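Inspection log for the structure reproduced underneath, given as structure tokens.
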Amino acid sequence: GAMALRGELWTELPAEKRIFCSVLLFSWAVYLWEAFLAHRQRRVYRTTTHVPWELGQIMDSETFEKSRLYQLDKSTFSFWSGLYSEVEGTMILICGGIPFLWDLSGQISGRAGFGPEYEIIQSLVFLLLATLFSALTGLPWSLYNTFVIEEKHGFNQQTLGFFFKDAIKKFIVTQCILLPVTSLLLYIIKIGGDYFFIYAWLFTLVVSLVLVTIYADYIAPLFDKFIPLPEGELKQQIETMAKNIDFPLTKVYVVEGSKRSSHSNAYFYGFFKNKRIVLFDTLLEDYSALNKEPAEGEEGENEETKSKTKNKKQGCKNEEVLAVLGHELGHWKLGHTVKNIIISQMNSFLCFFLFAVLIGRKELFAAFGFYETQPTLIGLMIIFQFIFSPYNEILSFCLTVLSRRFEFQADAFAKELGKAKDLYSALIKLNKDNLGFPVSDWIFSMWHYSHPPLLERLQALKDTKQE
């Protein structure tokens, strides 16, 4: 009988209360599920203290222990930061933080002479305040992550000054993109008539294409130094490989990632016939700051850094770098990049369409404390962030599964280029340089890992290596 009674109470609740409770409950359900997975994974970090035999060839016990402690620290940190953000989000909802901030924005824009009819101006003030709030509450976590965890495990290369300059730059650049784009989007939704969702979707499509195009040339260099890869053996080999698979390569850059952290990576970007490849200096043996001998006059001040890096040779040999690039270019050749863009655009179109269907529902706004007004920006926020959250969870899980398939395919592509052996050793090296932990709980890895676990990738490379 108790269940039936609860059911009746539930149906008697006004729609907006039901929506509000469902959003909160779902948010906590996801949080608890993630916490359960993280707990299982932490148990793996805690109990796997010896190198499993199948990893004997791959990892020495010292690196294994280092990576175990690093991942354990990271896991504990993400437990606390996750709990904090869940509680913060819940408090904001329960205390009516969103309508409060909206009213405050109205007062601020009103003082500047823009009355309530200037909804877009009010929306921009709201966005500015909301992003400022999240930047400030996120700051202590980010500081702790960089200067305690990454520092303790020898990855952090930033100074405090660099960190703050970086954070302020990032905030300003974000605002310069976010505010104009949002105001145009809101304007399009306002004047778009019945089919506004088509125009809104086309607009976001164009914006994302433009951002991808200008990102690396104009935005990324504001934060890191990009230098063209000097002429030489590696550059020739990269160009030859690109030519062999018809990759329209225009430039190869090395990015000075080592100013930030000693994690390593590589990626490519650009549209149509204009592709660039970017290698992190930490990926390359010859360029990694950790492998550089200090010049003669410098050794006094470098005593500390020298002892830190003496035992650490970082980066990959040229052949291994080529194998990693063979994998990256495999994503391009096999159409993974295009498939990902198509999936995300189809998803974005569907979301805008559903947004158009739902935007008229007053109870959605009432659920979050908006009884009199239904501002477009708030509607976007409520629908995309809260109402779609179950759909977003399912979608992101499917994309993670898809991403793992793509990674195996890209590995296989590199193998067909004859790079199996080099990719094999590169994966081991990168795993070691980045202190990846090679043992994982199966549910955790299924839910979270966009790349297959190291052992599975090595196994797949080996299977056909012997044939």
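In case you wondered, yes, glycine gets a Cβ from its N, Cα and C as well.
Remember, TrEMBL labels are computer predictions, not curated facts.
Residues or ranges marked as active site in TrEMBL: GLU328. In the shown protein chains, 21 other C-beta atoms lie within 10 A of the C-beta of GLU328 (active site).
Remark: ASP411 (active site, proton donor) has HIS327, GLY330, LEU423, ARG457, ALA460, LEU461 as non-local neighbours, by Cβ distance under 8 Å and separation of at least 6 in sequence. Among the features that TrEMBL reports, active site, proton donor is placed at ASP411.
Positions annotated as domain 'CAAX prenyl protease 1 N-terminal' by TrEMBL: 41-225. Confidence across the domain 'CAAX prenyl protease 1 N-terminal' (41-225), taken as the mean pLDDT and rounded to a whole number, stands at 94.
As annotated by TrEMBL, domain 'Peptidase M48' applies to 228-464.
As annotated by TrEMBL, region 'Disordered' applies to 294-313.
Under 8 Å from some Cβ of the transmembrane segment (19-37) lie the Cβ atoms of residues 13, 79, 82-83, 86, 89-90, 93-94, 363-364, 367-368, 386-387, 389-390, 393, 441, 443-444, 447-448, all in the same chain and six or more residues away from its ends. According to TrEMBL, the feature transmembrane segment maps to 19-37 (among others).
Here TrEMBL flags 120-144 (among others) as transmembrane segment.
Sequence annotations record features per position, and here TrEMBL assigns transmembrane segment to 171-189 (among others).
Positions annotated as transmembrane segment by TrEMBL: 195-216 (among others).
Look at TrEMBL and you will find 349-371 (among others) tagged as transmembrane segment.
For 377-402 (among others), the entry in TrEMBL reads transmembrane segment. Here the transmembrane segment (377-402) has long-range neighbours at 19, 23, 26-27, 30, 98, 102, 119, 123, 126-127, 182, 186, 343, 347, 351, 354-355, 358-359, 364-365, 367-368, 370, 446-450, meaning same-chain residues at least 6 beyond its ends whose C-beta is under 8 angstroms from one of its own.
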